[in-house]
Amino acid sequence: MKLGIVAFTLISFAAQALALVARENLPKPQNDPFYQPPDGWESKKVGTILRSRKVNINTLVKDNLKEAWQLLYRTTYRSDDEPTTTVTTIMVPHNAQNDSLVLYADFEDAGAPQCAPSYTWRAGLLSDTSSIFNVGIAMLYLQEGYIVTMPDKEGNKGAFGSGHVEGRQSLDGIRATLAFDKIGLNKNARVVGHGYSGGGIQCGWTAALKKSYAPEINSVGWFTGGTPSNVTALVEKINGGPFAGYVAGGLGGVISTYPDVKAYTDKVFTKQAQKDLEFPRKHCQEEITLHFLFKNFYDKSFSTVGKRFLYEPVVQKALNELTMGTNPDFTPDTPVLMAHGVSDEVAPYEAAHETYKSWCKNGADVEFVSFANPVSAHGVTTVTSTVPGFLWNRDRLQGKPVQGGCREIKNYDVGVNSHALGEDFESALGLLKGLLGDKIGPNDEYLKDALHK
């Protein structure tokens, strides 16, 4: 869910004009033996490392790195009796601090195996040009000396948007990283997470599930921005618009992880719908966005019951489970910084604010930053929220306390100062600033115009 419309056009241009990519001829995950677990893996504890390997990161961050590793580890889907495996990619900078770990929630926003960070970060940026955003953000943490771990949080089912899956697989990725003895990381290291948009789903659910699923992890803070915290509200907002492709990806992720939803949709979705839902399982985010431009998923050509499929009790039961804040048992026990643009045209602002209020009601410590300038659309806020999120997480890793309870703040920034963190960080901030472009229009109107043309 990460692309506001300005960024969508600029990002492809930047990748080509700056010649950031040198692709390698890598086997895709489904053809790479590393991803296949050894015999007996099902009996291992969650977080157990099954394989490890050194890898080359083929993006701008390679200049920041001492080394990079990948771990195949045991994890689960929605419940403990659904064992599976996935991979996390660990990046270790030259000046690594061994008492801190950053979970970076890459916003892959697609279900195909080749869209996962374990592949795209090795294959090069042009395998998914929107990865430039991810690189710019991760560079900040690496430059500060933090080890970064990036789990493939959707597993083998392409569970995009299925929050309990993403949260569990992220927490097990943290467990595996902390247990890995070749990077010098303290086993009780402080842990923070950073995620925006689709990464906000991952990071938000990691925060929400940590207390019940992985209480031993020493988490100290989570940043989640532009978060689609309510799937029903998300579908209602983007269906039929330029970002309708996220509906296809999200439906596919929910159907693949909720068998009762699959049984229902198999009855009411048309053959064309079944074909449509295969596309996000084989392609990455940019292709999905373009393929489903202005697609109306309520049309009878997709659903024989029209819009009613979304509100069928079996579907609503699943979507309610996937709405952050509805279950008090899944309330973060570690401080959270939420950020959201008031003009977000992808992830509904009101839904994220409801999550904030619910978490606060249930005792969480949450700071909610509203990017209140009218031009603070989804893509713009991806960039403008990055430095505040980084600084807030850095304070947590440095042991600085937060103000307890909940509070709301308004931020009117619409730009990035590439000198804001000093010259050591100018390359990362300059990259993000370049993605924002010289012009900003209300609700990212520039790409909307381009798409209509």
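Just so it is clear, glycine is given a Cβ too, placed from its N, Cα and C backbone atoms.
Looking up C115 in Swiss-Prot gives a disulphide bond to a cysteine among C203, C284, identified as C284. Looking up C406 in Swiss-Prot gives a disulphide bond whose other cysteine, out of C203, C360, is C360.
Here the CA atom of N230 (N-linked glycosylation site) lies 21 Å from the CA atom of C406 (disulfide bond). For the recorded positions S197, C284, D344, C360, a Cα-Cα cutoff of 10 angstroms around H378 (active site) retains S197, D344.
In this view, the densest Cβ surroundings among the recorded positions N98, S197, N230 belong to S197, judged by other Cβ atoms lying within 10 Å. Set side by side, the disulfide-bonded residues C115, C284, C360, C406 differ in how many other CB atoms lie within 10 angstroms of their CB, and the most is found at C115. Annotation note: C115 (disulfide bond) sits in a helical segment as assigned by DSSP.
Ranking the recorded positions N98, C115, S197, N230, C284 by the distance of their Cα atoms from the Cα of C360 (disulfide bond) places N230 first.
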